[in-house]
Amino acid sequence: ACEYGRIGFVTQDDVLFPHLTVKETLTYAALLRLPLTLTKQQKEKRALDVIYELGLDRCQDTMIGGSFVRGVSGGERKRVCIGNEITINPSLLFLDEPTSGLDSTTALRTVQTLQDIAEAGKTVLTTIHQPSSRLFHKFDKLIVLGKGSLLYFGKASEATDYFSSIGCSPLIAMNPAEFLLDLANGNLNDISVPPELEDRVQMENSETETRNGKPPPQVVHEYLAEAYELRFSENENKLMDPLPLDEEPKLKVLSSKRQWGASWWQQYCILFIRGIKERRHDYFSWLRITQVLSTAIILGLLWWQSDSKTSRGRQDQAGLLFFIAVFWGFFPVFTAIFTFPQERAMLSKERAADMYRLSAYFLARTTSDLPLDLILPVLFILVVYFMAGLRLSAGPFFLSMLTVFLCIVAAQGLGLAIGATLMDLKRATTLASVTVMTFMLAGGFFVERVPVFISWIRYLSFNYHTYKLLLKVQYQDMVPPLKGIQTDNGSREVGALVAMIFGYRLLAYLSLRRMKLHS
């Protein structure tokens, strides 16, 4: 096999998108991580090879699933995480507790998979949590650590013999892994106490002995660390002796430049399609559709065929237009707030693996929401506009729609900026509710004469600019004009909304740049 990547790392937590299938997850990983020299077809074939290699072919079209979504089993999910890493064909594969949370049979199958990878010529290094005896016997080499000190390093099959040789033997039949864990923790229950250790405890202080006649963990730990050091110090010294200067090998300096697996445009396209596939379930949930349509119908009934010819009728319609500006300012902010805090773990993991540029991810993530985000407002305006009897001509209708779109995209920008800056949902929601409330109050409907020292707030409010634009669209040509409406073309309001669209997103991007992605 040709060389792709050097090191793969499987984290303890399974960080995966719940609504993508197994095949989609591994295909996107292959497209983003495999080198540019391979074609798209070769990358897709590599993903399929990994699926068959890990025995995931039966569930390749099943969703990964999560807390609220049914999907693959725990063992299959863990194998998908391993597949994400072995896609790049690494020489060295690190795993952090791959069997945590799995039952003994599934854990054994997972370790069997790792053994097959190791037999194929890869080095597999894993930390393990409470392995069964069958699982323990699959290891080739073993490192036992206690409080950062090395207690044993060598063949796994010889570990118990080594500890027996220094006087620590199990007094009852027990799982070798449990025996080694007890020793690493300084616990000598059901384990023989070495004579040297007994003598040392008696010589130092009789008070250090515990109630059951066993030495304390600290003393046991010191004894085991010293025993290992004495036993292997000669071999280690030979290894650690520095080479003479003239014999030092010339180290090849590796290039620190990142090697991307796809061009910027390819990264953007892959992440855009992945984003739409992952979130289409959220947007077309009946809950959201019902929420928007029921609000639209209630508004339509309350303002049923309202009259725009009289001054009183226009005042009533102004209330409706203000509510539309507030609703489509409020709704997108609280949807967008969740974007980056929810994907933080995935972003950190994928950026640490150099899967894509942050700019490609950011643009794909913010633009993949737009097509889906603009479907519900169309339904909303269609219902409200005709039920409430607003100006029935094509120009005002499409201009009203465009104004609402501008408001939504600007409000989304604010939500993205707050979420990316704080990265904490509780704090972000609190800040957003205060900000949105302030913007609503300064929106120009509740109070017209605002004190000079605080009047600047209304120019930061997308509600204010949206409300003014909606009024201009409806009443610009009417005589007499509605109080407080300037008879211009609204370019100032449009300019302010466009500035917010880009300004808030730039703030969100800079906040993500500042975030410690590799922590």
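Cβ atoms here come from the backbone N, Cα and C positions, even for glycine.
Whatever TrEMBL says is automated annotation, not expert-curated.
Taken verbatim from TrEMBL:
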{"type": "DOMAIN", "residues": "5-100", "note": "domain 'ABC transporter'"}
{"type": "DOMAIN", "residues": "129-187", "note": "domain 'ABC transporter family G'"}
{"type": "DOMAIN", "residues": "266-475", "note": "domain 'ABC-2 type transporter transmembrane'"}
{"type": "TRANSMEM", "residues": "286-306", "note": "transmembrane segment"}
{"type": "TRANSMEM", "residues": "318-340", "note": "transmembrane segment"}
{"type": "TRANSMEM", "residues": "374-392", "note": "transmembrane segment"}
{"type": "TRANSMEM", "residues": "398-422", "note": "transmembrane segment"}
{"type": "TRANSMEM", "residues": "434-457", "note": "transmembrane segment"}
{"type": "TRANSMEM", "residues": "494-512", "note": "transmembrane segment"}
CB contact flag for the transmembrane segment (286-306) and the transmembrane segment (434-457), at least three pairs under 8 A: no
Composition by DSSP (helix, strand, coil) of residues within the domain 'ABC transporter family G' (129-187): 23 helix, 14 strand, 22 coil
Number of helical, extended and coil residues in the domain 'ABC transporter' (5-100), per DSSP: 42 helix, 11 strand, 43 coil
